[in-house]
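Copied from TrEMBL, the annotated features are:
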- 2-231: domain 'Nmd3 N-terminal' (DOMAIN)
- 234-280: domain '60S ribosomal export protein NMD3 SH3' (DOMAIN)
- 298-391: domain '60S ribosomal export protein NMD3 OB-fold' (DOMAIN)
Amino acid sequence: LCCQCGVPIPPNPANMCVGCLRAQVDITEGIPKQGTVHFCKQCERYLQPPGTWIQCALESRELLALCLKNIKASLSKVRLIDAGFIWTEPHSKRLKLKLTVQKEVINGAVLQQVFVVEYIVQSQMCEDCHRIEAKDFWKAVVQVRQKTLHKKTFYYLEQLILKHRLHQNTLRIKEIHDGLDFYYSSKQHAQKMVDFLQCTVPSRSKSSQRLISHDIHSNVYNYKSTFSVEIVPICKDNVVCLSPKLAQSLGNMSQICVCIRVTSTIHLIDPRTLQIAEIDGNTYWRHPFNSLFHPKQLEEFIIMDINRVHEKKKGAGAGARSNKHTLAEAWVRKTSELDTDHQYFCCTHLGHILNPGDLVLGFDLANCNLNDEFANKMNPQHIPDVVLIKKSYDRSRRQRRRNWKLKELERDREATDTDDERQYQDFLEDLEEDETIRKNVNIYRNADIPVESDTDDDGAPRISLAEMLEDLHISQDATGGEGAEMLT
């Protein structure tokens with residue numbers, strides 16, 4: 001019989017029933033039933049005392065461990081059997097933990113008890129978010145520069161940064177006339193950006209630091225670091241003149257080449273032989289070369305006659321040739337000189353897309369002054385009269401039926417002009433024409449523009465719907481709208 005209430009029970013060391021034993025002994029005594037957890041709204045992290053902020057999802061193992069650490073000292077006197085969350089509304093600012101504990105009580109009897117601990121989630125801004133809100137506080141800056149008139153490489157770089165989410169740790173992004181400045185709260189984040197830039201675009205970098213303060217008692221130094229990244233001054237569709245030594249090392253290429261793409265390397269093609277070569281950043285800085293023209297000097301030509309060259313004998317030591325291009329010999333005439341009979345003969349790598357009567361953009365080398373170190377020393381017979389760059393399409397029609405869009409970085413801009421808009425349209429057209437660059441860019445469908453039929457197609461390259469992503473818009477909270485079913 002129970003010594004307290006006289007109920008028949010199986011024998012146990014305490015000679016008491018479970019009800020009386022619980023009435024006599026509370027094994028959860030001394031364990032707090034309420035607590036607080038600090039949460040930063042900006043970065044959605046929880047404070048792990050004394051000063052660490054960690055990312056935790058609701059009802060995750062990480063958050064459970066964080067809550068148990070708050071009462072770890074009180075749980076040392078009992079044995080924790082089980083712990084788990086009781087569901088609460090996500091916006092209630094309450095976390096409830098259901099704990100099961102055991103403890104040895106009177107005469108060796110083991111008592112098990114279940115109880116609930118409630119945590120109040122208090123908002124507190126972390127130090128990193130304080131610095132972001134301050135706007136002007138930074139410990140490291142990455143200055144990205146490219147000394148060119150066209151920003152194609154920067155537009156491509158912007159899409160790579162967005163795709164790999166490297167802009168998340170920036171305090172501020174500032175746009176200036178020849179580049180971008182990225183501000184960071186720690187040197188490690190800035191170094192990560194520099195490493196990313198060196199892997200994605202041909203560039204070189206150097207760093208410096210400035211002493212801000214020094215605590216002589218604790219020997220703590222406070223520095224501001226600056227990383228300078230210079231991207232090679234070559235963009236897509238540039239005509240370049242290589243040094244004789246570099247052209248020979250690339251498989252006896254012609255010195256006059258066309259840049260067809262800039263990714264982690266500079267991709268060049270010889271319009272006379274279709275020979276291709278890739279130049280990385282280190283090779284460029286050892287043998288630097290410049291663009292002969294800027295994009296504003298592009299002139300429009302009309303194809304009078306074109307003959308595709310199917311067999312071209314390889315020279316001694318020649319390198320690889322492009323399989324995506326077709327070599328052709330063309331007679332062209334400037335659209336500004338249609339009232340004359342003056343025609344130009346040239347070799348081009350665009351034989352697969354050009355036909356008689358097509359308009360094409362190119363550079364006139366026969367009637368210009370080349371102010372270049374290597375071009376001035378070349379034999380005039382080796383310099384082509386005209387270099388064709390790309391086929392010309394109706395730009396306004398391409399803009400009207402472009403049913404896709406790109407995302408942009410949030411940055412402090414200087415005043416934008418019409419030239420920037422023209423350069424951005426050039427970059428969008430390059431995406432449509434070059435599948436290789438398109439693979440590295442997130443392209444989103446623009447639902448505001450309907451999909452047109454192909455009956456009025458003028459042959460301009462277009463991006464297929466299969467390559468577009470649906471832009472995600474979240475307009476409701478996690479519980480759905482009022483009266484809606486609860487999302488799980």
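Each Cβ is built from the backbone N, Cα and C atoms, and glycine gets one as well.
What TrEMBL says about a protein is an automatic prediction, not a curated fact.
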Rounded mean pLDDT for the residues that make up the domain '60S ribosomal export protein NMD3 SH3' (234-280): 89
Residue distribution over DSSP helix, strand and coil in the domain '60S ribosomal export protein NMD3 OB-fold' (298-391): 9 helix, 37 strand, 48 coil
Per-state residue totals over the domain '60S ribosomal export protein NMD3 SH3' (234-280) - DSSP helix, strand, coil: 6 helix, 19 strand, 22 coil
